[in-house]
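Beneath this line is the structure, given in structure tokens, with notes to follow.
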């Protein structure tokens, strides 16, 4: 029986053109973070089902591709639920594997451990345009570095990376979860309300200051608190002055070191930046995940909605996974999104090699054939890609096809008459 | 609950040192085959369970990691067997996905299609030293090229690759399944005996000519046939003269074009070789898989047992998978084996960048901190990897560790007193 031709639901075959872009971006990532001392690691795609179901993965745990037990361990007759039938699953992110990797190999790893991971993850999400059930994640993390050296290096390296990608300009927004919390505390919100308050605050760019105030009131919070909260947001500016304003204003609610650190991060990154980007303090930046404990940041490319990367400090998460407290700060680069943007603008890879095709007429043999290979060898030695192929009956069409594939020179070798 | 620390049975975490070697070899493979016009492709790691169970995968089909159905499709109560519970599996090789990919995307692919695939495959084999349940395969195939141009390009490209890997010397052995069959036919073996005869022949390097003859007789074949068969092997030489000898001797059993083609492959590859290797005609080369239909070849590195790559022509397999006849010729590079050999000999990557570490004393801040980052930026701009880290209390130990990690210069920055 012939094969089912299509890939499994929600996954895709990657054609040569996209693959070229993907390889280019992957190499750029490895090279750029490598310059900052990050080392590449890899974990198995399959994880213990217990590790994937540890409740730290949130909604993603519902989307696991589960792997069935094998051999004698598979007992269909006595199985009470599907949990009895599985022992593994495909990883849904790179954080769980990183935590396991770190606790398994800490003795053999540098300290601090600056890790670069690129790998596929799988989520059985409802299939939709542009979102796939297998996709590449690219996570860069510094484990074991409690100071803002981690934040500075991560933002520096990532802005260097994005700068090399030839987008017109980009913006990095930065905030701190401690500032978010202090602003809420100062306004009188109780700690258990923070998550809800931040979800509403996160809509600022869509519904504006008044919208946020309205929604807070609608959600049942006192108008007085909402007003005090929004007053802060009206006063604060997206720069160092804004940070200093909050440091002063939030006295008693915010550790002044937090504001000072944020200032140092911004001035340090600004001082040595290698690309043209804006680094702004954005006190409305929330970054959904509640596991962040300190500075948070997000990169967006001007003219495109949505972010192409983000991250922050999460000093408590690795400890919850491994039982051993470990300061951690990370950046996740939106690999699939960057590839999509480059494909959409028909990006031409700068380092691309010259491509030539040699067409051999049928019947060329012996020394004449060897002469073709010798010429191909000589071209390749100078760095030119040479594709040696049989000449087709419809040579004109063949040439057109090769030109479409980017071959700039097409030479034909005929049998000597 | 903390995570299970160890990877799942039979799979492994890849440490930075191995990862560096893997990345190096992967890049070399992409670059080398790229020079010959091969394009990179990728398929999902998950395949339809029907495609994986098509009976073309032989023993590997018993080793599939199966993926359970999800949501409403999973009906535990009414399941008769495990087949009712699964809809996918992890690919056990790259050939099934390549066949599916080719039939799904042929219209958008160049013709001939020169494909380079590197990707993990999974087999639930009994775990043993050096063999893992997740491992990287690297397959290079030319689909749609019926002539020996495919063989020549594949052997040229692969020998160029291995030549760059800095082993002391290597040998490529080449044969043709048609010659194997003609030799058996000439000696009087019936067609249905070929597989068994070839399995015995394959032991030649271990048990010698007499051993093969003995085993053939022990397996029930007439002594006369065995003698006639081995007489051929006594006469034939591992060179062009050997091929010509068989062309003559096997008249009526072997298409003379097959011998001529083999001669052309050898002389063409010899004429343009870029590395120091021996290319020998080896009429005892069998290469287990019965799907090969023409030339077969294998690379081994002198001084190491076993092969580091092999392949051949398999003109009928893609058709069996896709229902459409497609000439095909491929090479599979033993990626994991090459990585293991390089690790064992503590291979130093030639293109490795210089690595420096900057140690910052606690308390460095403001302009002093920025100055460190500026110096790091300047070094990176010249291609040096710079790792900026906090100075530890035990600075001496820290320096030793960094030296072990390959840092050649370690600079310390102290707070000005």
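Cβ atoms here come from the backbone N, Cα and C positions, even for glycine.
Caution: TrEMBL annotation is automatic and unverified by curators.
Over in TrEMBL, the protein carries these features:
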BINDING   A:93, A:94, A:95, A:123, A:137, A:141, A:287, A:291, A:292  L-histidine binding site
DOMAIN    A:20-350  domain 'Aminoacyl-transfer RNA synthetases class-II family profile'
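Close to residue A:95 (L-histidine binding site) in the fold, though at least 6 residues off in sequence, lie A:139, A:317, each with a CB less than 8 Å from its CB.
Maximum intra-site Cα distance, L-histidine binding residues A:93, A:94, A:95, A:123, A:137, A:141, A:287, A:291, A:292: 23 Å. For the domain 'Aminoacyl-transfer RNA synthetases class-II family profile' (A:20-350), the model's pLDDT averages out at 94. Sequence-distant neighbours of residue A:287 (L-histidine binding site) (same chain, six or more apart, CB under 8 Å from its CB) are A:175, A:296, A:298, A:310, A:312, listed in sequence order.
Between the binding-site residues A:93, A:292, the minimum number of other C-beta atoms within 10 Å of a residue's C-beta occurs at A:93.
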